[in-house]
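Here the structure is laid out as structure tokens; the discussion comes afterwards.
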Amino acid sequence: MVAAVVDAQLDALEASLLNTSGNVPLHDRFRSLFTLKSFKNEDAVRIIGKGFADDSALLKHELAYCLGQMGQPSALPILNAVLENMSEDPMVRHEAAEAMGALSAQSAIPVLKAHLNDPNRSVRETCEIALAKIEWDASDEGQRVRRTREDPESIPTYTSIDPAPATSTLLASKAPADTSDVAIAGLRAALLNTELPLFERYRAMFALRDIGTPAAVDALASGFMDDSALFKHEIAFVFGQLLSAHSVPALIKVLEDAREEEMVRHEAAEALGGIGTPEVRPHLEEWLRREDAPRVVRESCQVALDMWEYENSDQFQYANGLEGAKTVEVAS
């Protein structure tokens with residue numbers, strides 16, 4: 001009986017995610033996706049993999065992200081195929097590479113190395129970071145951190161598998177050991193130092209996230225001056241995790257900059273939706289309606305407005321795709 005109910009739930013989520021009826025709004029498809037992510041099994045991986053036939057780069061980008069967060073090795077062939085598909089949107093290919101780094105399988109190393117010379121800069125940079133993460137995960141430090149996080153009594157502030165760990169001095173405890181202005185200035189210097197490997201700059205980025213003070217937010221926002229779209233999009237993603245109202249002005253500026261790369265503006269929109277403060281909504285509504293907005297920006301604003309509604313509601317959780325999908329009643 002239990003297995004039959006789970007199968008019925010998966011069928012309903014599949015129909016919603018893949019929009020088999022042709023009338024499922026994109027934001028509901030996102031909720032179904034994140035509900036499937038929570039299953040963390042091969043059936044969910046299989047269903048999510050089918051979604052790459054869609055024509056929405058935004059949706060496919062999120063599919064790849066979720067596959068990387070689920071910890072299922074069966075996702076690797078799907079992600080490998082996406083990365084190697086040169087006709088796929090670079091935003092999707094980049095996320096596939098990042099997801100391979102999140103899964104941290106040694107078998108992913110050859111294909112990631114092969115794309116260190118990819119024609120697209122964001123893909124090249126993502127492969128560089130993913131390879132460094134796999135190497136770090138296998139290091140003594142990485143293994144120590146993994147054991148700490150597997151401790152049932154360890155409750156991390158952020159449950160995501162990040163593309164890089166926080167700077168070493170901030171890994172040992174639940175709260176950052178040093179949140180002083182001097183420490184933040186040092187991390188800001190590392191964040192902005194283009195002479196450092198991207199992996200090390202990312203480590204400073206996630207250390208600043210873990211500090212999370214207004215001064216740390218300001219330091220992160222300074223990274224929007226960088227010339228790497230990948231780097232800037234990750235800063236916007238981090239702001240979406242922090243949910244600090246202090247980051248709203250910087251994110252609105254990114255969203256409204258028509259010269260900015262689409263992948264950066266998309267991530268800024270979703271971060272704003274998650275923060276969910278009143279001044280955010282009109283900006284999201286404007287860029288949802290604007291005909292001159294790129295499709296990925298419009299779609300991101302649609303999803304972000306749904307996130308805004310969630311943040312300002314009494315809904316128990318965002319990943320409630322089973323409520324929106326029509327489930328099949330199974331008789332006992």
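The backbone N, Cα and C atoms fix where each Cβ goes, glycine too.
What TrEMBL says about a protein is an automatic prediction, not a curated fact.
According to TrEMBL, the protein has these features:
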- HIS61, GLU62, HIS94, GLU95: Fe cation 1 binding site (BINDING)
- HIS233, GLU234, HIS266, GLU267: Fe cation 2 binding site (BINDING)
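Locations of recorded TrEMBL features on the structure.
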residue: HIS61; record: Fe cation 1 binding site; CB count, 10 Å: 23
residue: GLU62; record: Fe cation 1 binding site; CB count, 10 Å: 22
residue: HIS94; record: Fe cation 1 binding site; CB count, 10 Å: 30
residue: GLU95; record: Fe cation 1 binding site; CB count, 10 Å: 29
residue: HIS233; record: Fe cation 2 binding site; CB count, 10 Å: 24
residue: GLU234; record: Fe cation 2 binding site; CB count, 10 Å: 28
residue: HIS266; record: Fe cation 2 binding site; CB count, 10 Å: 29
residue: GLU267; record: Fe cation 2 binding site; CB count, 10 Å: 27
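The record gives HIS61, GLU62, HIS94, GLU95 for Fe cation 1. Within 8 Å of the mean position of their Cβ atoms, the other Cβ atoms in that chain belong to ALA57, LYS60, LEU63, ALA64, TYR65, MET91, VAL92, ALA96, GLU98. Distance between Cα atoms for GLU234 (Fe cation 2 binding site) and GLU95 (Fe cation 1 binding site): 11 Å, as a whole number. When the C-alpha distances from HIS94 (Fe cation 1 binding site) to the binding-site residues HIS233, HIS266, GLU267 are tabulated, the minimum falls on HIS233.
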